[in-house]
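*Asks:* My questions all concern the structure below.
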Amino acid sequence: MWKLKESMLGNDDEEGSREGFLDEEADGFFSLSPMQRIYAFAAFFVAGLACMILSLIVFAKPIKFSVLFTFGNLLAVGSTAFLLGPVQQMRMMFDSSRVYATAIYLGCVVLALICALWIHNKILTIIAIISELCALIWYSLSYIPFARRMVSGLMMRLCDTEL
C-alpha cells in the first residue's frame, strides 16, 4: 500500500531504490500469490469457455451469438494474463513473431462486434465470426514452435490444384 501512496503523491525520497507502481516485481496493490493466479486463470478461462458454449444456444440469432462468442474469446485469451502478468502478456502478444497474428485477431474481434452491434447484418456477422475463429486458431498456433509452418504446409498440400 505504501508504493501506491508514494506513486500517487510522487514522493522522491529514495529515487534510486524506488520501483514503479505497476512493475511486475511490485509487492503492493496488484500482487497475487501463485495459487491465486492459477485460480483466477481457471475462473476466467472456464467463464470464457462457458460463454462460448452458451453462445451455441443462441446460434440461430447471429447477433447475440457473436457478442457472447466474442466476449468468451476475450475472457479465454485474457485469462493467460493472470499466469504471465499483464505486461508480459502484452510483450508476448506484440512480439515480432506474432504481431501480425495478434493484429488480425484483434481486428476480427472488433469487426465481429461492429457487424453485430452497429451494422446488424446477420450474414456479415457470421462471416466476421468465422474469420475471428480462424484468426484465433492462427494466433494460438503462434505459441507452438513450428506449428504455423506445419499447418501452412499442410494447407498448401491439401489445397494444391495440380495433379
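Here, residue 1 is simply the first one shown, and the rest follow in order.
Heads up, the Cβ atoms here are built off N, Cα and C, so glycines get one too.
If you look up TrEMBL, you'll see 38-59, 65-87, 99-119, 125-147 marked as transmembrane segment.
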*Asks:* If we skip the immediate neighbours and take only residues 6+ beyond the ends of the transmembrane segment (65-87), which ones have a Cβ under 8 Å from one of its Cβ atoms?
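*Replies:* That would be 22, 24, 32, 37-38, 40-45, 47-56, 58-59, 109, 112-113, 115-117, 125-126, 128-129, 132, 136, 139.
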*Asks:* List, by number or range, the same-chain residues at least 6 past the transmembrane segment (99-119) whose CB is under 8 A from its CB atoms?
*Replies:* 62-63, 66-67, 69-70, 73-74, 93, 125, 127-129, 131-132, 134-136, 138-139, 141-142, 148
